[in-house]
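Database features (TrEMBL):
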type	residues	note
COILED	134-240	coiled coil
DOMAIN	1-135	domain 'BAP29/BAP31 transmembrane'
DOMAIN	183-242	domain 'Bap31/Bap29 cytoplasmic coiled-coil'
TRANSMEM	7-27	transmembrane segment
TRANSMEM	47-67	transmembrane segment
TRANSMEM	104-121	transmembrane segment
């Protein structure tokens with residue numbers, strides 16, 4: 001193997017190792033998020049997109065070069081068999097064909113695993129954010145539940161304190177509340193009456209508009225009949241002139 005394909009093979013093995021580590025079940029996404037938030041990774045994240053695109057371009061170039069080599073030596077092998085060349089030349093060509101196929105597999109899998117690695121890191125980050133937001137929502141719900149329990153307890157204490165006071169004060173408070181409720185009911189009745197009157201007026205206007213539209217439709221039908229009659233009369237007069 002040449003130096004460049006040795007580097008690609010090492011890169012492939014490194015991708016496999018990183019993916020295996022990322023898929024370990026006992027390391028949670030939140031732990032990976034903490035690892036990704038290390039200052040070193042934060043500095044590397046600035047150049048992550050550029051590095052990703054650069055490696056993608058390099059792997060695509062190597063993959064296309066391997067495809068070209070495979071097609072080249074496959075065609076040469078066919079031509080050599082047709083030409084009945086000696087066995088050593090055919091073995092040499094098959095060796096080069098095997099090497100080009102091996103390079104094709106290495107570059108193809110490296111490209112595929114690089115895309116999978118990028119997607120895996122993105123999904124882990126999104127899952128960690130979702131888990132953190134879910135935990136925050138759980139704490140908010142628990143806090144709201146505790147606050148509601150406290151408010152209910154305070155309300156019960158206030159009711160007990162009011163019940164312990166004199167009945168005269170309670171009656172006065174009830175009468176004042178009832179008076180306010182009566183006033184509000186009267187206002188609501190007046191507003192309801194106004195709304196009913198406005199609705200009645202609107203219904204009358206709609207009925208009037210319907211009658212007008214029906215009258216217009218009848219007039220339009222009469223005009224169309226008159227127009228047809230005049231058109232028939234004019235056509236008859238033209239026929240008579242032609243005669």
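Glycine is no exception: its Cβ is also placed from the backbone N, Cα and C atoms.
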Point to revise | Positions whose Cβ lies under 8 angstroms from the transmembrane segment (7-27), at least six residues beyond its ends | key: 1, 59, 62, 103, 106-107, 109-110, 113-114, 116-117, 120-121, 124
Review point. Apart from its near flanks, which chain residues at least 6 from the ends of the transmembrane segment (47-67) lie with a Cβ under 8 angstroms of it?
Key: 4, 8, 100-101, 103-104, 106-108, 110-111, 114-115, 118
**Study point:** Beyond the flanks of the transmembrane segment (104-121) by at least 6 residues, Cβ under 8 Å
**Key:** 5, 8-9, 11-12, 15-16, 18-19, 22-23, 36, 52, 55-56, 59-60, 62-63, 65-67, 69-70
Review point. Can you tell me how the residues of the domain 'BAP29/BAP31 transmembrane' (1-135) break down into helix, strand and coil by DSSP?
Key: 120 helix, 0 strand, 15 coil
